[in-house]
Every structure is written in C-alpha cells, then in structure tokens.
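Read the structure below first, then the notes.
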Protein chains: 2
Amino acid sequence: MSFDPSSLRFDAAGLVPVIAQDAQSAEILMMAWMNEEAVRRTFETGRVTYWSRSRQSFWVKGETSGNLQHLVELRIDCDRDCLLVLVRQEGPACHTGRRSCFYTALRDGEEVEIQSPQG
Amino acid sequence: MSFDPSSLRFDAAGLVPVIAQDAQSAEILMMAWMNEEAVRRTFETGRVTYWSRSRQSFWVKGETSGNLQHLVELRIDCDRDCLLVLVRQEGPACHTGRRSCFYTALRDGEEVEIQSPQG
C-alpha cells in the first residue's frame, strides 16, 4: 500500500508525536511533533522536519545548529497516531548539547544525569 | 534531587507522552500516555501504568492480557514533558500480538509489515 500522510490519525491540533531513534545505536534521541505537511517534507527531503508548537512553524531539525537528522526509515504504529523515525543524527540531538534529550534517569527515587553535553 | 511527578509538564489534558523501550534489545515497543497519578503508580508498583484516553481510566499494561511491562528505569526529557520507560516486556506489547506497535515501515514509498504476530 502506498503511504499517504493524510491517512495518519492527527490529534485535535493536527499533530502526531514522533519518536526519533538513532538508526545504528537504537538510542532514543528525542520526541517532537509533526503535522501532515511536516511528514510530507521529511519524507521528500530526507531531513527530519518537525512542527514547532511553541514557534508555530516548521522546524528542520538542525537547520540552525547544523545538527541535522537524516531520515533512514519511517515507521507507523498500529493506531496510526504515532511515528517512529530512525535517523542518522549529526552531533547532539538535544538543545542542551547532549546526544539525547532523555539524559535524566530516576535511580533510587533521585534524578540523576546520565549524559553530559558533548565537548 | 528527589523526583516529584508533579514537577513534570503535563499537557492541557494533564498527560505526558511515554515511550516504552525494551531495556535489553532497545526496541521501541509502544507509545502511550500517563497522568500524574499513573506516573506515581508506575513508580511505586514497578508495573507500567498508563492513562487510557479512550476509556478514561488507568491501564496497568498487561493486567488483562498477562503481557505485563515491568519498569526497569524511568527517564525524563530535557523539557520534562515526555517520559521514556525502559521495560522488561512479557509477551507482545502490541494489541495485535506483535512485539512492537511500530511494525509498519515505509520502504520505497510503500507500507511494509516488518513484524508478524507472535505464535
């Protein structure tokens, strides 16, 4: 079946959550949002493109920082309301300079930083 | 810093998206939602507990099917508005009987099933 972005189940704001996973290491890098046009652009350009809810604009990941996300494969979940993008990430994915946004772990009830900003 | 679930940034519906990842294989299993109390219950019981938006009720993953998700580690993203749970998954995570909900991949513009229901 040919993929049609309009067949996804977008929420009331017209968005789907998107999980970005490193295609090689399988590390989860970040979670962000796409609207239908962002899905289309990601697919057509090979550069992962989100919809920024705060700025209300398209957000080509890494366009400013240079830390681009290159699309390796896009996957859809069973409910068609969440996407998984396998990516080749240049540099850190997190705006804090860390590889992943999920750098805080709970251990023994305490928040622990398990990743440092890259040098 | 001690973890306080109320310090998370919940959306207008009082929810955060939660990514479930197999703690051993690093496979992404599913994405679902938690409210503050679901985070608390997950943390206290060690059984991953979501908030079902369709049923508007707590949903101990696997309580009916037996396919429990045991919490291995909980991680928080930089914006504190998304969680990652590393889990030990009993049986399939997807209601279709597949290991992961993300069993549909786009290849050459076509939707391809890359995982079959478990026997």
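Easy rule for this one: first residue shown is 1, then count along the chain.
Including glycine, each Cβ sits where the backbone N, Cα and C put it.
The shown structure was predicted, so the numbers you read here are calculated from the model rather than taken from an experiment.
Copied from TrEMBL, the annotated features are:
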| type | residues | note |
| --- | --- | --- |
| DOMAIN | A:30-103 | domain 'Phosphoribosyl-AMP cyclohydrolase' |
| BINDING | A:Asp77, A:Asp79, A:Asp81 | Mg(2+) binding site |
| BINDING | A:Cys78, A:Cys94, A:Cys101 | Zn(2+) binding site |
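Confidence over the domain 'Phosphoribosyl-AMP cyclohydrolase' (A:30-103), given as mean pLDDT on the 0 to 100 scale, stands at 97. For A:Cys94 (Zn(2+) binding site), the same-chain residues lying six or more positions away in sequence with a CB closer than 8 A to its CB are A:Leu29, A:Met30, A:Ser100, A:Cys101, A:Tyr103. According to DSSP, the secondary structure content of the domain 'Phosphoribosyl-AMP cyclohydrolase' (A:30-103) in residues is 10 helix, 29 strand, 35 coil. Long-range neighbours of A:Asp77 (Mg(2+) binding site) (same chain, six or more residues apart, CB within less than 8 Å of its CB): A:Leu83, A:Leu84. For A:Asp79 (Mg(2+) binding site), the Cβ neighbour count at a 10 Å cut-off comes to 15, with all displayed protein chains included.
Cβ neighbours within 10 Å of A:Asp81 (Mg(2+) binding site), excluding its own Cβ and spanning all shown chains: 15. Ranking the binding-site residues A:Cys78, A:Cys101 by how many Cβ atoms sit within 10 Å of each one's Cβ puts A:Cys101 at the top.
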